[in-house]
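Engineer: Input: one structure, supplied below.
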Amino acid sequence: VHLSGEEKAAVTGLWGKVKVDEVGGEALGRLLVVYPWTQRFFDSFGDLSSASAVMGNPKVKAHGKKVLDSFSEGLQHLDNLKGTFAKLSELHCDKLHVDPENFRLLGNVLVCVLARHFGKEFTPQVQAAYQKVVAGVANALAHKYH
């Protein structure tokens, strides 16, 4: 992902304030509620029968944190996202058979959750930088599908 110095500073500056457990759980939970067909990849998570069940599900929260921990790793290697996410791409493609469009959906949901958590601090410029990053991460995760 090509970010200007200003964009990189905006992304990393805000990310330093992100509570990955909270934001990750909310982002994954919202993905599962807003796009219910994504739930089929999470059969082992138990009760996903309603929005409140999804948002309160400890397995959703734990996996959301895991997802954002990986995203954090990607932020350290913006110049090599494909390399950083190669193993995860392979896992999601070959073993889990996740539709790569879901990575784009989750990235967009993450941007919404960040906007909700950071309000005025999440300026249009910060949003634009994050959109570039989540698109780059989604492309890297979809890499093994091509």
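Each residue, glycine too, has its Cβ placed from N, Cα and C.
From Swiss-Prot, here are the annotated features:
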{"type": "MOD_RES", "residues": "V1", "note": "N-acetylvaline"}
{"type": "DOMAIN", "residues": "2-146", "note": "domain 'Globin'"}
{"type": "MOD_RES", "residues": "T12", "note": "phosphothreonine"}
{"type": "MOD_RES", "residues": "S44", "note": "phosphoserine"}
{"type": "MOD_RES", "residues": "K59", "note": "N6-acetyllysine"}
{"type": "BINDING", "residues": "H63, H92", "note": "heme b binding site"}
{"type": "MOD_RES", "residues": "K82", "note": "N6-acetyllysine"}
{"type": "MOD_RES", "residues": "C93", "note": "S-nitrosocysteine"}
{"type": "MOD_RES", "residues": "K144", "note": "N6-acetyllysine"}
Engineer: Any idea what DSSP makes of V1 (N-acetylvaline), helix, strand or coil?
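Structural biologist: Reduced to three states, the DSSP call for V1 (N-acetylvaline) is coil.
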Engineer: Please average pLDDT over the domain 'Globin' (2-146) for the predicted structure.
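Structural biologist: Within the domain 'Globin' (2-146), the model's average pLDDT equals 89.
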Engineer: Of the modified residues V1, K59, C93, which sits closest to S44 (phosphoserine) by Cα distance?
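Structural biologist: Considering only the listed modified residues, the nearest one is K59.
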Engineer: Cα-Cα, whole number of Å: H63 (heme b binding site) versus V1 (N-acetylvaline)?
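Structural biologist: H63 (heme b binding site) to V1 (N-acetylvaline), Cα-Cα distance: 25 Å.
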Engineer: Distance between C93 (S-nitrosocysteine) and K82 (N6-acetyllysine) at the Cα atoms, whole Å?
Structural biologist: 14
Engineer: Of V1, T12, K59, which is closest to K82 (N6-acetyllysine) if I measure between C-alpha atoms? They're all modified residues.
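Structural biologist: Closest candidate to K82 (N6-acetyllysine), judged by Cα separation, is V1.
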Engineer: What number of additional C-beta atoms lies within 10 angstroms of the C-beta atom of the residue listed as 'phosphoserine'?
Structural biologist: 6
Engineer: Cβ-Cβ under 8 Å from the residue listed as 'N-acetylvaline', same chain, 6 or more residues apart: which ones?
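Structural biologist: Same-chain residues close to the residue listed as 'N-acetylvaline' (Cβ under 8 Å, separated by 6 or more) are L78, D79, L81, K132, V133, A135, G136.
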Engineer: Quick check for the class: what is the C-alpha distance, in angstrom and rounded, between the residue listed as 'phosphothreonine' and K59 (N6-acetyllysine)?
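Structural biologist: Roughly 27 Å, rounded to the nearest whole number.
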Engineer: Show which residues of the chain containing K59 (N6-acetyllysine), separated from it by at least 6 in sequence, have their CB under 8 Å from its CB.
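Structural biologist: Sequence-distant Cβ neighbours: F42, S44, F45, G46.
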